[in-house]
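S.K.: Got a structure here, written out as structure tokens. Questions coming.
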Amino acid sequence: MEKSEKLQELVTSEQIIKEKKNLSYDCDICKKVFSLKGNLISHKCIHAGEKPLHCDICGRSFTYNSEIIRHKLSHTGEKPYHCDICGQSFSQNSTLTAHKRIHTGEKPYHCEICGDTFSVSNSLTQHKRIHHTGERPYHCDICGKSFSQNYALTQHKRIHSGEKPYHCDICGKSFFNGSSLTQHKRIHTGEKPYRCDICGKSFSVSSSLTQHKRVHTGEKPYHCDICGKSFSQNSHLARHKHIHTGVKGKG
């Protein structure tokens, strides 16, 4: 082979390599660009609504392999991500990031309808469906009950099946969902990560902190539709309504 032919072959080979390096795969629906064909295929599942990857423990479905790997940590109990402020551990880095906003008070997600702010995007989505749109797109095929989130439907179905895939490794008690297990474990550990920034009192669940803060603010968001009286907690409203109905509550 002559020198000029060898040079041409080398140039052609380098050009092919360069073209491969610059090769991109475009989504014909949203025009997002990917460097790997496999990533494009996975991405298209989002548009199709497909979640081909299933957790063999709880049945929850996912689009990406990375999602199911992170999810399975909730079953194994592995929590490699630690909060450097309070020491609480998490199975996902994104959950740790959201948790840290409890300490910083950061709420970067804003509702453009009412102005309420949230620390995580899922809370904003759920807020809009509950308070503004009333949308409940996820329906139980057994009892017909509807939900604003798919994950809530998955948890609800366990009431029918009796499935409790989340187990306490200390006492063996089982739960329908991971958050209930997390809250339960604080009975054993005594952990109270939710602290009132006004008086310093601590709580094991965030909802208890929310209710407690109403002692300081005087907020009473629960209203009786019969007499108009207001209450700081929904349970107090329920007990109050027994006055009108004549039904005696427990205790």
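We number each residue from 1, going along the chain as drawn.
The backbone N, Cα and C atoms fix where each Cβ goes, and this holds for glycine too.
Just so you know, TrEMBL annotations never went through curation; they're auto-generated.
As annotated in TrEMBL:
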type	residues	note
DOMAIN	25-52	domain 'C2H2-type'
DOMAIN	53-80	domain 'C2H2-type'
DOMAIN	81-108	domain 'C2H2-type'
DOMAIN	109-137	domain 'C2H2-type'
DOMAIN	138-165	domain 'C2H2-type'
DOMAIN	166-193	domain 'C2H2-type'
DOMAIN	194-221	domain 'C2H2-type'
DOMAIN	222-249	domain 'C2H2-type'
S.K.: Same chain, outside the domain 'C2H2-type' (138-165) by at least 6, Cβ under 8 Å from its Cβ: which residues?
M.R.: 57-60, 75, 122, 125-126, 129-130, 174-177
S.K.: Six or more residues beyond either end and a Cβ under 8 Å away: which residues meet both conditions relative to the domain 'C2H2-type' (25-52)?
M.R.: 61-65
S.K.: So what's the average pLDDT for the domain 'C2H2-type' (138-165)?
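M.R.: Across the domain 'C2H2-type' (138-165), the average pLDDT comes out at 90.
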S.K.: Who are the chain neighbours of the domain 'C2H2-type' (53-80) in space, where the CB to CB distance is under 8 Å and they lie at least 6 residues beyond its ends?
M.R.: 42, 45-46, 89-92, 151, 154, 163, 165-166, 169, 178
